[in-house]
Amino acid sequence: MERRLVSVELKYNEISKERSNHSWSETETSRLLSSSRQKRNADPKNSLSDLTKRLIALEESLVRKTDGTGRDGRDGVPGPRGVGGDTGRTGSTGSKGSPGSQGAKGRDGQGLSGVSYNRWGRKNCSGDATLVYTGYMGGGYYTHIGGGTNEYVCVDEGAEAVDGGHSDTDGALLYVVEGSCSHALPCGPYRDTHELTCVVCTK
């Protein structure tokens, strides 16, 4: 019995120390142990029963204090990197950005500018102008009205004919202009009764 009392006291002492980490002071623990030893010396049988009850009560109290859980452990080692997730859905269109800077000037084009003019009485262009075609001056007869044109035009010397009717209706007639020295036109460089030339130029 004495050996059992010593064993119970050791267990009681162990639990008391554990509980002292939560609420009991060392003075309270020593007081309880001293009281239990005095009772043991007076009546070993009753002391064993009383000490067993105290031990059970102390264990129950300790369980209630700790709520059945121990202290938090240390943080574990970080786990390995997880597998990459699936590609997400395409997002919505963003807002319109600000205008970009002006680009570099492009190369000079090879086309014509489209500005053209006629040179009457000539067969070539002057300066850096480009020749489009040469031809002869043409216009309506001076006594006719409502003809093909009321102004002189430069008719291409290589103009293509278009098939038409064979009847003569005197409609939209076009006459070649010829020089006449007897009507204030100086002879030279123009020639009397010869058609007047023209040229269409562009630059």
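Any Cβ shown, glycine's included, is placed from N, Cα and C.
Here TrEMBL flags 16-50, 62-112 as region 'Disordered'. Under the heading compositional bias 'Low complexity', TrEMBL lists 26-36, 89-101. The compositional bias 'Basic and acidic residues' feature in TrEMBL is assigned to 62-75. For 79-88, the entry in TrEMBL reads compositional bias 'Gly residues'.
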What does the DSSP secondary structure composition of the compositional bias 'Low complexity' (89-101) look like, as residue counts for helix, strand and coil? 0 helix, 0 strand, 13 coil
Reported in the order helix, strand, coil, what are the DSSP residue counts of the compositional bias 'Gly residues' (79-88)? 0 helix, 0 strand, 10 coil
